[in-house]
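These notes are about the structure you will find just below.
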């Protein structure tokens, strides 16, 4: 009975996500009036469906002000090619519907227009790299094939870690292989994401590969959320909210794109010199900066752009990485 109830609740949640995505498509072209109020000398805004809830960030540009459908299509131009593995799954409206949940928290709404566009390029640079089926001689070049996948194609295991059996117990029959825009692996990661998004992903990890809005929401939540307390989120490290400690500086961790890789992947990518896995993520980011008209020269010097010489925040810990 309890399982049936959870299934019903989860199904309703997916329907709600579909409705939200449809509402985004319907409302995107409509004029939304910005509501403004002041509290303790600070300005707070509410922009309706895209940036709701009286936030200082909603007073800035929202993502649809500077990132349009055609730009999404340019970044992921080969995702619906016949040889891609998630044809018809990923789309602009699903991304915007997912982003609207986090724009009041500063996702794509922090700083000036250039910083906002750079954050979208940075986030999507991770997404493009982690979901690409591009290769050296692929049509359009290897960087044009982001969002080719929405799940791991040949999982070698079910990714159930019994160490977390009390907090995030594995559901019999469920498989926690990689799914999503920044792929989620392991029961404990599905459990944490599901708690945050109020969707029972422990019982239904497959929902991530069935709903693009949910898949983007999971990835943005990971981007916006620290792996551990007292550590920065990828968002904070990128937009400059994070101030490195003396220990961070000694271990070469500085604000910028490089540290977002450290946070998301740890020593799976960082502290190993200029390895291909790291360079591929960086290449997607710079390519997207160019396509968005920002230009890769805005990415900064090598020590800010890469994590080649950084000591990982969470060395050799599966929990430090979504991969």
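Placement of Cβ uses the backbone N, Cα and C atoms for every residue, glycine included.
Under the heading signal peptide, TrEMBL lists 1-26. If you look up TrEMBL, you'll see 71-297 marked as domain 'Glycoside hydrolase family 19 catalytic'. Residues or ranges marked as disulfide bond by TrEMBL: 160-170, 270-307.
Note on the domain 'Glycoside hydrolase family 19 catalytic' (71-297): its mean pLDDT in the predicted model is 96. Take the CB of residue 307 (disulfide bond) and look out to 10 A: across all protein chains shown you find 30 other CB atoms.
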